[in-house]
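Enquirer: Just dropping this structure here.
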Amino acid sequence: MEDEEGPQCGKPDFVLLDQVTMEDFMENLKLRFEKGRIYTYIGEVLVSVNPYQELPLYGPEAIARYQGRELYERPPHLYAVANAAYRAMKRRSRDTCIVISGESGAGKTEASKHIMQYIAAVTNPSQRAEVERVKNVLLKSTCVLEAFGNARTNRNHNSSRFGKYMDINFDFKGDPVGGHIHSYLLEKSRVLKQHVGERNFHAFYQVLRGCEDSELRELHLQRSPALYNFTRQGAGLSVSDSDEKSHHQAVMEAMQVIGFRAEEVGSVHRILAAILHLGNIEFVEKEEGGLAVSEEVLVDHVAELTATPREMVLRCLLARTVASGGREVIEKGHTAAEASYARDACAKAVYQRLFEWVVNRINSVMETRDRDPRRDGKDTVIGVLDIYGFEVFPVNSFEQFCINYCNEKLQQLFIQLILKQEQEEYEREGIAWQSVEYFNNATIVDLVERPHRGILAVLDEACSSAGTITDRIFLQTLDTHHRHHPHYTSRQLCPTDKTMEFGRDFRIKHYAGDVTSTVPQVNRFNKRRDRALLLTDRHLYKLEPRRQYRVMRAVPLDAVTGLSVTSGRDQLVVLHARGQDDLVVCLHRSQPPLDNRIGELVGVLAAHCQGEGRALEVRVSDCIPLSQRGARRLVSVESTTEQPEPDFRCRRGTFTLLWPSR
């Protein structure tokens, strides 16, 4: 191995370092990466550095170099690990497992695909038809699962937003005869919203940009993802239509190879379309009381695509069924906020069930058929675990909490198998060695999963308790139980830490870094809340001050085509943008006095447009036309003595800013 790589490439195994320090470790890793060596061993553990580019390290020739070789006969490589697991399984007739871990964007998904390709290449030399069928399904299933479970993030353009454990069953000859996929923790919240610079699941964009025009008409869809609330955030990100079409075609071919029938594929497309239409449904309060849908044609589309009676869809959106104490069932109407929450919950639930159905459909094709151990011999299994990496976002919700908890458990397993057991074996055999100190993260795992007092137990109790349990009460309970825990803190326990907010945030000190989690907020639909505008040289950002100025929307200045303002003291501002919804805000010109915010905004935008050689169109009107979800609407300002504070109202497609008259 050293002869093949040479000393100029660094040490191929970290155990060969003269001094085991963090500085020497990182220096060796950097040297090997600069020489094109992205793989390095730590004993039997393979360390991989994502190069974020295609390297000539894979393919039939590379597979042939590693097939049948011992682990250290060739330079470090994924194929060597896959070969070692496969040979150990055949030689000992025992199940083996390959665990792929790392932070988000480290290349875990690509690593799992290369492992699958290696196993497929070295098995079934006799070309048995059934084995070839199983191999094709195993390989093609990855393409389908990526479409429905992966998305573009700020770390990775093809990030897995679910955990996957795949069992591959082998016969006594070592040929794959079946498999099973277990999926975990699908990031359902991504269906509703994404961080700036990220997209929804690939499947939505592939349907919009990859389907034929005739099929889009049947689904009542248009090409542009910017027309739909659930895909608008990622509509402007740089993925060409031709790439989306080729990806869509690859998924369709993979589903055909796996065995999806044409009517099943059509049903999948209809469900995806129904979710997009569901996200565009808005609710307005009727003058006579009650709630209505602003665009009822969207209800018709959802009902048609899901083969559900229209009245049932409408009833599910506008009301809920409540069982009273006397076993009487009554129907209670939603408020606008409750209806929006129910709509979003429905969209998440439908997508999760669609994803689970796709996984189960693949499993039904992959499962072993007619296997009898007495006749066919004992089957063995290779398991491949590919799960979320450790994640830290500006706003970390319940999904990130679960993901990082899983990574803590994975790190605990690593410590148990690699470090603790190895040192215990040295002690049993009486080998003289220098004890290596390491951090045991069992205390962090216990913080999350401890019965009765752990964070999950407190959350379960809060969800199942009768009466009003607020976010603040939940956080106070955590503070009471864990105020002395070295890996837990909150603003209440550490008042000087201004990076957290009282009654909202808590922080866990994970092995990979500190993560501040936000206790979920109940009311997220109040249009009266103050917002902030941040103008940079490239973007205009709409921010939410109450959530650490979380970015709610980003509008590229290149897309701004004009500006409309009303003429009164309470000026309404509409920024017209190309290819996306117009942005509507109300700027208080009189707070503080003599502060002309609108003049400053117009001046900065005009200067930017002038630098690009184009003019900024500015209009002054008391009734402004604007574009929302592809439809033309009107927005105006109305002063009223009955209005205690500014608020927006929508009636018959027209928006009105109700302003309290002084």
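Quick reminder: no glycine exception, Cβ is built from N, Cα and C everywhere.
Grabbed the feature section from TrEMBL, which reads as follows:
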type    : residues                                                       : note
BINDING : Gly102, Glu103, Ser104, Gly105, Ala106, Gly107, Lys108, Thr109 : ATP binding site
DOMAIN  : 9-516                                                          : domain 'Myosin motor'
DOMAIN  : 461-661                                                        : domain 'TH1'
Enquirer: Return the average pLDDT for the domain 'Myosin motor' (9-516) as a whole number.
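Expert: Mean pLDDT, the domain 'Myosin motor' (9-516): 88.
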Enquirer: Using the CB centroid of Gly102, Glu103, Ser104, Gly105, Ala106, Gly107, Lys108, Thr109 as the ATP site centre, which other residues of the same chain sit with their CB within 8 A?
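Expert: Checked against the 8 Å cutoff, the neighbours are Asn50, Arg155, Asn156, Ser159, Gly389.
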Enquirer: Have a look around Gly105 (ATP binding site) and count the other CB atoms within 10 A of its CB, chains all included.
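Expert: Summing over all protein chains shown, Gly105 (ATP binding site) has 18 other Cβ atoms within 10 Å.
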Enquirer: So if I draw a 10 Å sphere around the Cβ of Gly107 (ATP binding site), how many other Cβ atoms end up inside it?
Expert: 19
Enquirer: Within 10 Å of the Cβ of Ser104 (ATP binding site), how many other Cβ atoms are there?
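Expert: Taking every protein chain into account, the count is 21.
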Enquirer: Let me spell it out: for each of the binding-site residues (Glu103, Ala106, Lys108), count the other Cβ atoms within 10 Å of that residue's Cβ, using every protein chain shown. Which one has the most?
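Expert: Answer returned by the neighbour count: Lys108.
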